[in-house]
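The feature active site, proton donor/acceptor is assigned by TrEMBL to Glu207. For Gln67, Glu133, His161, Glu207, the entry in TrEMBL reads Zn(2+) binding site. Residues or ranges marked as domain 'VOC' in TrEMBL: 64-211.
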Amino acid sequence: MFQVASRAVQCSCRFDLRSAKRSASIGRSACFYASKREVSVRVMAGEDAPGVCHEPDASTKDFVFQQTMYRIKDPKVSLDFYTRILGMTLLKKLDFPDMKFSLYFLGYCNAKDIPENPADRTEWMFKQPACLELTHNWGTEEDSNFGGYHSGNADPKGYGHIGFSVPDVYSACERFEKLGVEFVKRPDDGKMKGLAFVKDPDGYWIEILNAKTSRQFA
């Protein structure tokens, strides 16, 4: 199952003591600023585990997990899958003729938020979290000798999968079934009920999950 490791953060902040008490009473994890008083507090922002850094460097404050990259054989087939079947939007395409490859960036967003100007759109896209970058090396789609890319789920195993949270896993999977999507695991297969795994056109695994039903794994 796809897991996101959160982290505990320790920081020294300046804040108004009364505001801090009010925030603490409702369970907020935050740093507060005021000119009257300085107080050092430990703010827990996630779970703990061996190796977790409790004091991330301040310079990482505005870091964003922006993309995951796959190499794909045929962009026409892959783009159809991710836009038509999974409902993603092609945010930006970048071509590199000298090196003979193209990049396709997909994500979920409101279409009206996408800038029209190419440079503005590119900058905007690289600020969006959790984008999928599809890399196409020109010619693979027509190469009969090209055997495809390693998905990470055959020996030697390494990379696993990406995951999509959906409102209803069973309804989503019924639709996938009708559209001919290949399944690795259906929702009621195995011991972990209520989640599924499908394959994209290149054989990469995709977990289909629901946030509420995932509470069973807490």
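The backbone N, Cα and C atoms fix where each Cβ goes, glycine too.
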Students should find that the Cα atoms of Gln67 (Zn(2+) binding site) and Glu207 (active site, proton donor/acceptor) sit apart, in Å rounded to an integer, by 17
The residue listed as 'active site, proton donor/acceptor' and Glu133 (Zn(2+) binding site), Cα-Cα, nearest whole angstrom: 17
Rounded to the nearest Å, what's the C-alpha distance separating the residue listed as 'active site, proton donor/acceptor' and His161 (Zn(2+) binding site)? Just drop the number here, would you? 7
Taking helix as H, G and I and strand as E and B in DSSP, count the residues of the domain 'VOC' (64-211) in helix, strand and coil. 35 helix, 45 strand, 68 coil
Mean pLDDT for the domain 'VOC' (64-211), as a whole number? 98
How many other Cβ atoms sit within 10 Å of the Cβ of Glu207 (active site, proton donor/acceptor)? 19
